[in-house]
Amino acid sequence: MTISTVIAFMSMFLVFVMSGPIVVEGRAFFVFGDSLVDSGNNNYLVTTARADSPPYGIDFPTRRPTGRFSNGLNIPDLISEAIGNEEPPLPYLSPELRGRSLLNGANFASAGIGILNDTGFQFINIIRMYQQLDYFQQYQQRVSRLIGKPQTQRLVSQALVLITVGGNDFVNNYFLFPYSARSRQFTLPDYVRLLISEYKKILLRLNSLGVGRVLVTGAGPLGCAPAELARSGTSNGRCSAELQRAASLYDPQLLQMINELNKKIGRNVFIAANTNQMQEDFLSTPRRYGFVTSKVACCGQGPYNGMGLCTVLSNLCPNRELYVFWDAFHPTEKANRMIVRHILTGTTKYMNPMNLSSALAL
């Protein structure tokens, strides 16, 4: 053996000893869904559903847009913070998601998507739910090459999963315009049953991929977003009755489906978050929670600042802490913090069968 060969061998040995095996620390966090939880995947796609330009991110720690549909932190960021993770999971399409950063989890969410594949067609290129789940499978293969299959299975089974999807199936599909294809095909109750049936398939596939704890959020107060107030032409700020009816049909059936799945599986894999009720509290009495309005968006134009996109040319409020809505559809960071507080410690009025803190303590 030559001296150069010995030196090369010793160098490789020292690198191995110093670096050691990759150890999984903390709890991985995986995120699936739409713009409420997208942390930047759409930045890497040719799509109109983007939040990568100012003033998005105006209150983010870097003061720069990241692809989050928020003035600052979104719900995955705040949950990551609450469960003690140093960083929120990176977007799956981010080139920075490699090596050890994979062990923190990944965010697969994509703005504009819905439960149904035809939802959000107007946004062109988005990561639909089936593709998000395919990416999750791909993620597990990548991590297996890093830490081995048994460790990967353990990482996934002990991880927390958040899935937020369904609102776009109403706003950007059934009620997108009068006499939409889906509204001609289904009555609203039948359409809700279709969504629940398709959502059940998504959750069953997630379960088959080895996850152990899944937080499922409801539709939220769909008819109260500034975009819907502007669209309905209301002058008194009253929420859209048709969209509120949709949410009132959807959320109880979602909870029933989740309870049935847990019973079938034999343990509480799925946790339902009643985000409609959570937001109803500060939508109906905003001043009680330190807001000046729950109807006008901080950033936008037209009635209620609810028309079009939030851009550098839009009206922009000076203090985001006083607004429930950041743009035409999405809550401010302050509102997100209130939602996450309920998710973590809320009673059965908001969380079923238990809140997230109780679930993670099991």
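Numbers here mean position along the shown chain, with the first residue as 1.
Using the three backbone atoms N, Cα and C, a Cβ is placed for every residue, glycine included.
The signal peptide annotation in Swiss-Prot covers 1-19 and rests on sequence analysis.
When secondary structure is read from DSSP and collapsed to three states, S35 (active site, nucleophile) falls in the coil class. Residues annotated as active site, nucleophile in Swiss-Prot, with similarity to another entry given as evidence: S35.
According to DSSP, N117 (N-linked glycosylation site) sits in a coil region rather than a helix or strand. The annotation N-linked glycosylation site is assigned in Swiss-Prot to N117 (among others).
The DSSP secondary structure for D327 (active site) is coil. Non-local contacts of D327 (active site) by the CB criterion (under 8 A, 6+ apart in sequence, same chain) comprise F69, P226, A297, C298, C299, G300, N305, L309, C310. Swiss-Prot lists D327 (among others) with the feature active site, giving similarity to another entry as the kind of evidence.
The active site annotation in Swiss-Prot covers H330 (among others) and is backed by similarity to another entry. The C-beta environment of H330 (active site), restricted to residues of the same chain at least 6 apart in sequence and closer than 8 Å, consists of S35, L36, F69, S70.
For N355 (among others), the entry in Swiss-Prot reads N-linked glycosylation site. The number of other Cβ atoms within 10 Å of the Cβ belonging to N355 (N-linked glycosylation site), over all protein chains shown, comes to 21.
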DSSP-derived structure type at N355 (N-linked glycosylation site), helix or strand or else coil: coil
Same chain, 6+ residues apart, C-beta under 8 Å of the C-beta of N117 (N-linked glycosylation site), given in sequence order: R128, M129, Y130
